[in-house]
Amino acid sequence: MPKTLHEIPRERPATPLLDRASSPAELRRLGEADLETLADELRQYLLYTVGQTGGHFGAGLGVVELTIALHYVFDTPDDRLVWDVGHQAYPHKILTERRELMGTLRQKDGLAAFPRRAESEYDTFGVGHSSTSISAALGMAIAARLQGKERKSVAVIGDGALTAGMAFEALNHASEVDADMLVILNDNDMSISHNVGGLSNYLAKILSSRTYSSMREGSKKVLSRLPGAWEIARRTEEYAKGMLVPGTLFEELGWNYIGPIDGHDLPTLVATLRNMRDMKGPQFLHVVTKKGKGFAPAELDPIGYHAITKLEAPGSAPKKTGGPKYSSVFGQWLCDMAAQDARLLGITPAMKEGSDLVAFSERYPERYFDVAIAEQHAVTLAAGMACEGMKPVVAIYSTFLQRAYDQLIHDVAVQHLDVLFAIDRAGLVGEDGPTHAGSFDISYLRCIPGMLVMTPSDEDELRKLLTTGYLFDGPAAVRYPRGSGPNHPIDPDLQPVEIGKGVVRRRGGKVALLVFGVQLAEAMKVAEGLDATVADMRFVKPLDEALVRELAGSHELLVSIEENAVMGGAGSAVGEFLAREGLEVPLLQLGLPDYYVEHAKPSEMLAECGLDAAGIEKAVRQRLDRQ
C-alpha cells in the first residue's frame, strides 16, 4: 500500500529507483516488484516539486499508480496517451524525461501547467479544458486505422469531466465506428461507484482476460449465424454483468466495460491493462482512486488541496496583499442582491469555490445550481429560468464561456432574456497559461446585438456594474480579472450607474488614455508624466460615444487600453466609432497581441504585452515621437 505523508518535504528526497526511470523506456526495464517502491518515490518527489513551485496538487497524487501502470504497459509515445484537463499530469511529466525540469513548472519559459504538444512527444494532445480526451483519442484511433498502424489510443478522464455532453458524444461515436481504443474513467470522487474491493478486482481480471475475451469473440462468431441467438446471448451477458458491476450505461453505449478496480493496486492495474491492451473495439476501464492519495491533509480536504501555492522559506516576510479578491466581491454582491430579490438564482458550471459561490450556496441552497462541467446547459438553463420571470446570474470563467457561445447567442441574446453573466478570470491568468486566459470575451461579446458589456476598474465599480447589469432589461456581462483589487473603498449600497457613461478620472493635455478595466491603476501611474487625460470607460457596449467625441476633439492622440485581444476588442469599438463619425484623430490600441501569451507570473505577462505602467508609457511616447 502507498505510504502516507503528513508534511510536504522541503528537501529533495532520495529517489534511487525513480532516478532509473527518467523515461517510459527505462521504466519498462524495471521489474514489476519494483513498481510499488517507485510509486512511493514518485509521490514523494511530486510533493517536493509542487511544494517548490506551487500548482495542481491532489489530482496528480491520486494517479501515481495509474500513471506508472500506463507507461509500463503501453508503448508510449508510439501508443497515444491523452489526459483529460491535465490537472493530474504532473506524474506523467516526471516519468517522461522532464523530472529535472519540474522546478520550472508554471514559470516563464518553464514547463507548462498542462500537457502541451510543443513541450514533449509524450504529450499527444494539448489540454486545459475538460472533457476533450475521448474525442481526441478517438480521432487518433481512426487515423491509426486509416494509416494501417497498430498503435493504441488511451484516454484518461475523470468522473467530473464525464458529466459533459462532449464526452458522451465521443463515447457514442466511438461505438458506432467500433474504434480500437481504451477509455479509463478515473473515478476519484466515488460519484459513480461506492464499493471497490476484492470481488470487483477479481471480476475485472476475469472479464479482461484473454481466455474470456477469446471465448466471447468465438461465441459471437458462432452465434451470429443463428438468427436472434447472439442478441439473446449478448443480453444475458449484459444482465449478468449488470448485477455485479455498475457499467450498464457504458455497455448500452456499446463499450466493453471492466471494473471498478482499485486504482492504487499496481498488480491489478498492470494485469488488467495488459489484458485490455490486446482487446479489439471500444474498451472502458473504471478505476477508483483517491484524490490527494499519500498526503494525509489532501486526502481529508481534496477541494482545499486541489492546488497549492509554493512553500515560503522559513522566516520569510509575509507577502503583501492588496484588496479583496474580485471573486469575493462578486460572492458578497450575490448574497446581498439575493437578500433583496427572491427572483435571483445563482448558476455555476462546477466552479463554486473558484467563483466564490460557497456562501450563497449555504444561505440559499434552493436558489443555487451547480450544473457540473456543462457550460452549454448552464447558459440555456438560465435562459429557461429567465423566460419564467426569474433573474439568473451565471458565474463562469471567461475561458469556459467560450464553450457556450451558441447558447449565449441563440438561447439568451436572440430572445433578449434577462441573464447576467459574471465573467471571472477575464484577461491574463498567470501560471495556468493560454488555455485558461480570458483573452477574447470583449471581442466575442461586443458583436452580439442587445448585449450590455461592462469592464469595472476596481472592487467598488465591480459591485456597481453587477447591480447595473442585474437591473438591465436584457442580457448583460461584467468581466473581471483573477486576483485582488487595488483596495478601493466599497460602497455597501446596491447602486447602479448610468448605462453607457464613462468617467474622466484625470484631465490632462494632448493625450487621452481610454481605459477599459483594471489597467486604470497602471494608466494613472503614468498619467502625470505624460500629462494625459485618463477616462475610465466602464462600458464597452454601449460605448460612451459622447465622451469619445469630446476627447477626440480636445486631444492629439487617443490610446485605448484593455486586457483583451486587440483584434475586435474595445479599442476596435473606439476606432469604428471614429471612422464612422469621420473624426480624424490618431488612435493607439493597447491590449493583448495576436499570439498566445505563455504562462508566467501575471506581472511578467502584462510586461510582455506592454500593459504595465512602463509599457503603456513607452508605447505612448514612441507614438508621439512619430506624430
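Note that Cβ sites are derived from N, Cα and C of the backbone, with glycine treated the same way.
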Hey, Swiss-Prot has thiamine diphosphate bound by Gly128, His129, Ser130, Gly160, Ala161, Asn188, Phe295, Glu375. Any idea which of His71, His87, His416, His488 it lists too?
His87
Cα of Glu375 (thiamine diphosphate binding site) to Cα of Asp159 (Mg(2+) binding site), in Å and rounded, measures 16
Which has the fewest other CB atoms in a 10 Å radius around its CB: His87, His129, the listed binding-site residues?
His129
Using a 10 Å cut-off on Cβ-Cβ distances across all protein chains shown, tell me which of the binding-site residues (Asp159, Glu375) has the largest neighbour count.
Glu375
Cβ density check for Asn188 (thiamine diphosphate binding site), other Cβ within 10 Å (all protein chains) comes to 24
Among all protein chains shown, how many Cβ atoms are found within 10 Å of the Cβ of Gly160 (thiamine diphosphate binding site), not counting that one?
19
Tell me the Cα distance separating Asp159 (Mg(2+) binding site) from His87 (thiamine diphosphate binding site), rounded to the nearest angstrom.
13
Whole-number Å value for how far Asp159 (Mg(2+) binding site) lies from Asn188 (thiamine diphosphate binding site) (Cα to Cα)
7
